[in-house]
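Colleague: Below are the features I grabbed from Swiss-Prot:
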type	residues	note
ACT_SITE	286	active site, proton acceptor
BINDING	329, 335, 365	Fe cation binding site
BINDING	344, 365	homogentisate binding site
């Protein structure tokens, strides 16, 4: 990889970006010249149908040493993704301790574990959710034909070398990789763990702000896209793809991360969650958690998300005469939560970094007994919730846990008991 410029970034969200690792590698005034500069091949990378509205269209022109078409047939791999098939649908509330870190050499692909999904990979909607754990860098290259990937590291820094450049991503940052983009995950620390949402629907975008105005939440300038960086390596390289949930591999005689220049908007990017401009009440009551939305994948129903990525970052709590934790709730949406660091303000214990929970459609949830008792009796001074970062993958379709998720020892069998300590405080003689 030509690393001289690899860790520079371009700022913005949804921009028409352009980058070249060699001067003059980008054609001027056209996309597909008869002879591309430096003897490169021209290739179009489409993330949406040609006839999408211009505001929705995602595509990038690449100028590369070898075209992607130069590969032998793919063969289904003997080792498939961990986690197995989906299990039985359950309305019960589920919570998991962190999955064990691998002890055998495990790269990012082998470390992916299926946790839940609500759609087949052949459908243009829905999501799949994975945990990952790894202790070695990938030596092969991977692409996912089934959807866009949202990576949420919880432990360990990652260097993600892609066709369009390099992203360094640490805990408290996220990365989004377009469907089909080739990449290699390298570990910058001895071990890595985190979460992945696979988006089978419309590409993620910033949510509309409505009456919030033209600024706030995740601001476009804080999203970073890499600059062009390429490998000119003539050596055996394994290329793995995920296609309809199955892993397939082929052997190349060159590195597929060989794009010297590119322009377009179908690009990878990263975002530092600490840059999120948190909105909250300065009077009373607890606003809806939609104010914490970082990115959204919409459905055809206006306002109904295929996937919302929501965070619960450090913030001040100043509401007067208010029960400040998230309220008790029954929800149309389905909520898969994770914790990157610290504690979640609705759960005093049991929900730890690297863990997860699933509350399905209309599953009652809310603060546990200890949190509730403290909040009812708290002295309502301004207080800061600090050193925390919880997040949620929220989706409008019911998530079905994998068989692994339902059978693994990390599933907390006593999760329901956290609400059993809620006291009966009703007294019809006292208002």
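Using N, Cα and C of the backbone, Cβ positions are placed for all residues, glycine too.
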Colleague: What whole-number Å value do you get for the CA-CA distance of residue 365 (Fe cation binding site) and residue 344 (homogentisate binding site)?
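Modeller: Residue 365 (Fe cation binding site) to residue 344 (homogentisate binding site), Cα-Cα distance: 14 Å.
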Colleague: Neighbour count, 10 Å Cβ-Cβ cut-off, for residue 286 (active site, proton acceptor): what number do you get?
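Modeller: Its Cβ shell of radius 10 Å holds 16 other Cβ atoms.
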Colleague: Within 10 Å of the Cβ of residue 329 (Fe cation binding site), how many other Cβ atoms are there?
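Modeller: The answer is 16.
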Colleague: Can you name every residue in this chain, apart from 329, 335, 365, with its Cβ inside 8 Å of the center of the Cβ atoms of the recorded Fe cation site?
Modeller: 326, 330, 331, 359, 363, 364, 366
Colleague: Using a 10 Å radius around each Cβ and counting other Cβ atoms from all shown chains, which of the binding-site residues 335, 344, 365 yields the largest count?
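Modeller: Selected residue: 344.
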Colleague: What is the separation, in Å, between the Cα atoms of residue 335 (Fe cation binding site) and residue 286 (active site, proton acceptor)?
Modeller: 18
Colleague: To the nearest whole angstrom, state the Cα distance for the pair residue 344 (homogentisate binding site) and the residue listed as 'active site, proton acceptor'.
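Modeller: A Cα-Cα distance of 15 Å.
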Colleague: Rounded to an integer, what is the Cα-Cα distance in Å between residue 329 (Fe cation binding site) and the residue listed as 'active site, proton acceptor'?
Modeller: 12
